[in-house]
Amino acid sequence: MFFLTKEFTFDAAHNLTSYHGKCEKLHGHTYKLQITVAGEKNQEDMVIDFLQLKEIVKSEVLSLLDHAYINDVIPQPTAENIAEWIFKRLASRIDGSHYELYEVAVWETPTSFVRYRERDVW
């Protein structure tokens, strides 16, 4: 089995409404996003074309979150909730006969990130 990962970045603002601390105030991040697909090689000896994965993530995620106020899209946008929302949004689009979405990782800072998986695959 192969695990193929593509990284993205996006800039966005948010605030945490159910949190008491400095993050309840409006602030922004340059988020780093990793999308990992698990699967076997196809007839072209690829799990999924990196370009195809890029286009899916751009249309389903980045078009909604990049340079946005994330609270308008994801209520209480903690890193955990953002990762889960992205996974659920992409799961049906990244589901082929020989591969599926494995994991989404979201970094708020260079040292703070969360990983989300629905389950272990295969």
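Just so you know, the numbers here start at 1 and follow the chain as drawn.
Every residue, even glycine, has its Cβ placed from backbone N, Cα and C.
Among the features that TrEMBL reports, active site, proton acceptor is placed at C23. Counting only same-chain residues six or more apart in sequence, the Cβ atoms lying under 8 angstroms from the Cβ of C23 (active site, proton acceptor) belong to N15, L16. Secondary structure from DSSP puts C23 (active site, proton acceptor) in a helix.
The feature active site, charge relay system is assigned by TrEMBL to H67 (among others). Classification of H67 (active site, charge relay system) by DSSP places it in coil, neither helical nor stranded.
Look at TrEMBL and you will find E108 (among others) tagged as active site, charge relay system. Under DSSP, E108 (active site, charge relay system) is assigned to a strand (E or B) in the three-state scheme. Neighbour list (E108 (active site, charge relay system), Cβ cut-off 8 Å, at least 6 residues apart, same chain): H29, Y31, A79.
Annotation comment: TrEMBL describes H14, H27, H29 as Zn(2+) binding site. Neighbours of H14 (Zn(2+) binding site), defined as other CB atoms within 10 A of its CB across all chains, total 24.
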Pairwise CA distance, H14 (Zn(2+) binding site) versus H67 (active site, charge relay system), rounded so that it is a whole Å: 11
Rounded distance in angstrom between the Cα atoms of H67 (active site, charge relay system) and H27 (Zn(2+) binding site): 12
Among H27, H29 [binding-site residues], residue with fewest other Cβ within 10 Å: H27
